[in-house]
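Asker: Sharing a structure here in structure tokens format.
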Amino acid sequence: MNSGYILSIDEGTTGTTALIFDHAGLVRARAYSEFTQHYPKPGWVEHDAEEIVLITMKVIAEALRAGGVPPDEIQAIGITNQRETTVVWERASGRPVGRAIVWQDRRTARYCDELKSRGLEEMVRAKTGLVIDPYFSGTKLKWILDNQPGLRERAERGEICFGTIDSWLVYRLTGCRVHITDYSNASRTMLYNIRDLQWDAELLDLLEIPAAMLPEVRPSSQIYGETDPQMFFGTRGIPVAGIAGDQQAALFGQACHSPGMAKNTYGTGSFVLMHTGTEAVASDERMLTTIAWGVGDEPVEYALEGAIFVTGSAVQWLRDGLGMIRNAAETRELARSVPENEGVYFVPALVGLGAPHWDPYARGLLIGITRGTTRGHVARAVLESMAYQTRDVIEAMERDSGIRLKELRCDGGAAVNSVLMQFQADILGVNVEVPRITETTALGAAYLAGLAVGFWGSREEIAEKWALDVRYHPRFDAHKRDRLFKRWHKAVELSKGWALDDD
């Protein structure tokens, strides 16, 4: 099947992109729109799930119009999404019962501490591959059920649905007929047993979550249902056929289909994933063991992941919080205005620290400032913090897997920043490769959907489409790399535990 197009919906943390891909894997058209970020209390982050649906339909219409593509030429829809973000809605009406709690939200940190104090961390890790952290959906869902009177009872009666953003969009696109998620998203809830491939009864009991509200878990590449004509411009039902969490989708789109291949996606946060094949590699380094994907009837494949909470959002903070820049591109020129960081380090613990530290009480730190410090030093420190955090997680993955990284494939918005990409190669000591198409998250979702409907014939066909744009070679010797990295760790230690109550 060479005719027609695949529509990919990339529902991120700050906005939604619709991309239309042709058979060559090239972008025919795209459209993007931001949606509202809600911060009702310190450490709380929420989205309006209904607004996300409206924005999604808006950008789909804009992309179709921009590409001159009639809706009936779309052969399938793939969805990739911000993971862990928790939506609860009424089964009958499809209306949310409240705002979605975003993955960055830290409101359940104290409850997570309680679970750890009860000695439950090893049990949770063995079942889910995850650490106990507010990041994941399970404690967010418990909080919603605990804080809306009568909601848990309604959920037990089957009146209430839970889902991550992929599940929410599928439900609405199919006219409230299909309540599913895929392996990759289920594995991020802290409720799903990644070895047994089922919702875990012990974890559901622990968090008091009714099984009746959970979605059916399906492969990442499969026809789940068809769009409701009322939701898709009056057009015949179009197959919704591919789903993957954003980072797993990027791994697939980067053609990292073999054990040992790794990618880093620079978005709101940065996420390093290393493919480990059909083996769920247990981590001794506080990495996450996660499901990469399941394609049709093939065995489920796994990955190690290092989740870095704040990278691109630190640049947003420079723009919106400090007014230091007008747009993200300015960071490159500002960073170039100084030859080195000159001792200025930024620890972007704006919502705590993720892997490998997992400290929800860490807070942001800018250190090493002197009278000679300029905007250039601050911009460089922000960019370099992304690369230091990446090295943190890659070294941990190498120890877990016994595999020495040979190269790192990079994508996402910051992959166009040559200063960052060069420093990433310098501090890692390996080549950094940026593909010709950097929107590999959306491309991965498109590939998964296209495979399900026969638009592409095989993974081998997809892998052949990967094309290099720029390769960055490391310039630092080992001594310089390690000296800079040691000072980074000194700064990180100072940021830890800052938000803990002194009393």
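The chain as shown is numbered from 1 upward.
Yeah, the Cβs are placed from backbone N, Cα and C, and that goes for glycine too.
Among the features that TrEMBL reports, ATP binding site is placed at THR13, THR14, THR268, GLY312, GLN316, GLY413. Among the features that TrEMBL reports, ADP binding site is placed at THR13, THR268, GLY312, GLY413, ASN417. Per TrEMBL, sn-glycerol 3-phosphate binding site is recorded for THR13, ARG83, GLU84, TYR135, ASP246. As annotated by TrEMBL, glycerol binding site applies to ARG83, GLU84, TYR135, ASP246, GLN247. What TrEMBL records for 5-253 is domain 'Carbohydrate kinase FGGY N-terminal'. Feature annotation from TrEMBL assigns domain 'Carbohydrate kinase FGGY C-terminal' to 263-452.
What does the local environment look like for each feature on the list?
Answerer: THR13 (ATP binding site): 22 other CB atoms within 10 A of its CB, across all protein chains.
Within the same chain, the residues at least 6 positions away from GLY413 (ATP binding site) whose Cβ sits under 8 Å from its Cβ are TYR266, GLY267, GLY312, ALA328, THR438, listed in sequence order. In the three-state DSSP reading, GLY413 (ATP binding site) counts as helix.
Remark: ASP246 (sn-glycerol 3-phosphate binding site) has ASP10, GLY12, THR80, ASN81, GLN82, ARG83, THR265, GLY267, PHE271, THR441 as non-local neighbours, by Cβ distance under 8 Å and separation of at least 6 in sequence.
ARG83 (sn-glycerol 3-phosphate binding site) falls within neither a helix nor a strand when secondary structure is assigned with DSSP, and so counts as coil.
Looking just at the domain 'Carbohydrate kinase FGGY N-terminal' (5-253), the mean pLDDT is 95.
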Asker: Over all pairs within THR13, THR268, GLY312, GLY413, ASN417, the annotated ADP binders, what is the largest Cα to Cα distance, rounded to whole Å?
Answerer: 20
Asker: Note down the number of other Cβ atoms within 10 Å of the Cβ of THR14 (ATP binding site), including every protein chain shown.
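Answerer: Around the Cβ of THR14 (ATP binding site), 16 other Cβ atoms lie within 10 Å.
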Asker: What's the CA to CA span in angstrom from GLU84 (sn-glycerol 3-phosphate binding site) over to THR13 (ATP binding site)?
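Answerer: Approximately 11 Å lies between the Cα of GLU84 (sn-glycerol 3-phosphate binding site) and that of THR13 (ATP binding site).
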Asker: Where GLN316 (ATP binding site) and GLN247 (glycerol binding site) are concerned, what is their Cα separation in Å, rounded?
Answerer: 20
Asker: If the ATP site is taken as the center of the Cβ atoms of THR13, THR14, THR268, GLY312, GLN316, GLY413, which further residues of that chain fall within 8 Å of it by their Cβ?
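Answerer: Once THR13, THR14, THR268, GLY312, GLN316, GLY413 are set aside, the remaining close residues are GLY12, GLY267, GLY269, SER313, VAL315.
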Asker: In sequence order, which same-chain residues at least six apart have a C-beta under 8 angstroms from THR268 (ATP binding site)?
Answerer: GLY12, THR13, THR14, GLN82, GLN104, VAL310, THR311, GLY312, SER313, GLN316
Asker: What are the non-local neighbours of TYR135 (sn-glycerol 3-phosphate binding site), defined as same-chain residues 6+ apart in sequence with CB under 8 A from its CB?
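Answerer: The list for TYR135 (sn-glycerol 3-phosphate binding site) reads GLU84, TRP103, ALA307, PHE309, GLY354, given in order along the sequence.
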Asker: Counting only residues 6+ away in sequence within the same chain, which have a CB under 8 Å from the CB of GLN247 (glycerol binding site)?
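Answerer: Once residues fewer than 6 apart are set aside, GLN247 (glycerol binding site) is near ARG83, THR265, PHE271, LEU273, GLU305, THR441.
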